[in-house]
Amino acid sequence: MIQQAIAKVLEGEDLTRAEAASVMTEIADGGATPAQSGAFLAALRMKGETVDEIAGAADVMRQRADRVRVDRDVFIDTCGTGGDGRHTFNISTTAAFVAAGAGVCVAKHGNRAVSSRSGSADVLAALGVNVDADKETVERCIEEVGIGFLFAVRLHPAFKAIAGVRRELGVRTIFNLLGPLANPAGARHQVLGVYEARWVPVLGGVLAALGAAHAFVVHGEGLDEIAVTGMTHVCEVRDGQVERYTIRPEDLGLPRRDAAELVGGDAAANARIVTDVLEGQAGGPRDAVLANAAAALVCAGAAKDLRDGVARAARSIDSGAAREKLRQLVAATTVPA
C-alpha cells in the first residue's frame, strides 16, 4: 500500500482517511522500509496534509496506543504540538496543574523536548515527577490525585521505529501533529496548541472528525498556546460543530504582556518558573498560565466562559490547590526508598 500511496501523493492527490490509515498500519507493523517511510512522510509534507489524512493516521495511533484506563466521564488533555521555536517555559503543563487544582481530571499527554530545551516530560522530571512510572501507577494517579502524566514514548510502542526516520529527515512531518491527537486515555476534551496558525482550522476539522466532545485548537503570536502577548487564533470544536474566532488578552480580563517575559530555559530553569507560578508569583508567566488553564476549564465544563475560567484558575493557584496537585503527583509517582 505504501508504494501506491507515495506515487499518489507525489502526483498531488490526497489520500482518503482509510488509505492514510492503511499506510500508517503498514509503518506500525514494520511492513514499510525506512526509505519508504521517509519518502511517504516527505511527499505528504510537500503536498500538505489534509483533514482526512491526519484523521486516518490518528485513528491508527489511537488504536495502537497502550491504553490508559480513566474511569471518568470528563477528563482533559493540554498537549500541544510543540515545535514553535519560541523557547517559552512549559505553559500548558503548568496549566494542567491549575486545571486539576480547580477540580478537573487531567490525563496530560506529553513527551521530551521538540524545539525547546524542555518538553513536558523534561520539566516534570525536574519537578520531581517520575515520568517513567508504569501504566498502573499513572492510572492510579489520575483516579486518586486527579492528574497523571502519559509519557508518549512509553505508550506508543508501535511507532518507536519511525523515530529514527523522523530524526534523519530533520523536518516537520505529520507526526508533529499526531501526538496531541492520540492521547492514550482517549481524552475527548482538550486544549491543543499548534506551531503555525494555518493548522488551527485543519486540526479543528480533524478533532471534529475524531469525535471530540469539546476542544480548543489555538495558536497565538507564534506560540502553540493562547497568547497574552497579542492575538490568538482559535478553532472551538463542540460535538461536531466547529467555530473559528480570535481572542486577545483583554477579552479575558488580562493585561497584554511582552514575549520576553515568557521565555524559559532548560528543564531546571523552567521548573523554577512553574514553581513560582504555582506559588502565586504575579507576572507574565502567571497570566499565560491563567489564559490557557481557562480554556481547559471551559472545555471540561468547569467554567462558563474564558473570563470565568481565568477567575477560577486564579483561585486554583491562590488557594494553593494547584501547587498541592503537583506535590501529590510527585508523591504518588515516587518509589519509596
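Cβ coordinates come from backbone N, Cα and C, glycine included.
Database features, via Swiss-Prot:
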type: BINDING; residues: Gly80, 83-84, Thr88, 90-93, 108-116, Ser120; note: 5-phospho-alpha-D-ribose 1-diphosphate binding site
type: BINDING; residues: Gly80, Asn111; note: anthranilate 1 binding site
type: BINDING; residues: Ser92, Glu225; note: Mg(2+) 1 binding site
type: BINDING; residues: Arg166; note: anthranilate 2 binding site
type: BINDING; residues: Asp224, Glu225; note: Mg(2+) 2 binding site
Original post:
Going by C-alpha distance, which of the binding-site residues Gly80, Ser92, His109, Arg112, Arg166 is nearest to Asp224 (Mg(2+) 2 binding site)?
Top reply: Gly80
Original post:
Cα distance, Glu225 (Mg(2+) 1 binding site) to Gly80 (5-phospho-alpha-D-ribose 1-diphosphate binding site), nearest Å?
Top reply: 8
**OP:** Taking the Cβ of Arg112 (5-phospho-alpha-D-ribose 1-diphosphate binding site) as the reference point, list residues of the same chain whose Cβ is under 8 angstroms away and which are at least six residues distant in sequence.
**Re:** Gly119, Ala121, Asp122, Val153
Original post:
Which of the binding-site residues Thr88, Ser92, His109, Asn111, Arg166 has its Cα nearest to the Cα of Glu225 (Mg(2+) 1 binding site)?
Top reply: Ser92
Subject >> Neighbourhood of Asn111 (anthranilate 1 binding site), C-beta criterion under 8 angstroms, separation at least six >> reply: Gly82, Gly119, Ser120, Ala121, Phe151, Ala152, Val153, Gly179
**OP:** Run through the Cβ atoms and count how many others sit within 10 Å of the one on Gly80 (5-phospho-alpha-D-ribose 1-diphosphate binding site).
**Re:** 29
**OP:** Quick one: pull the CA-CA distance for His109 (5-phospho-alpha-D-ribose 1-diphosphate binding site) versus Arg166 (anthranilate 2 binding site), whole Å only.
**Re:** 20
Original post:
Per residue, counting other C-beta atoms within 10 angstroms of the C-beta, which of the binding-site residues Thr88, Ser92 reaches the highest number?
Top reply: Ser92
Original post:
Rounded to an integer, what is the Cα-Cα distance in Å between Arg166 (anthranilate 2 binding site) and Thr88 (5-phospho-alpha-D-ribose 1-diphosphate binding site)?
Top reply: 24
**OP:** Inside 10 Å of the Cβ of His109 (5-phospho-alpha-D-ribose 1-diphosphate binding site), count up the other Cβ atoms and send me the figure.
**Re:** 29
**OP:** Please report the DSSP secondary structure of Ser92 (5-phospho-alpha-D-ribose 1-diphosphate binding site), reduced to three states.
**Re:** helix
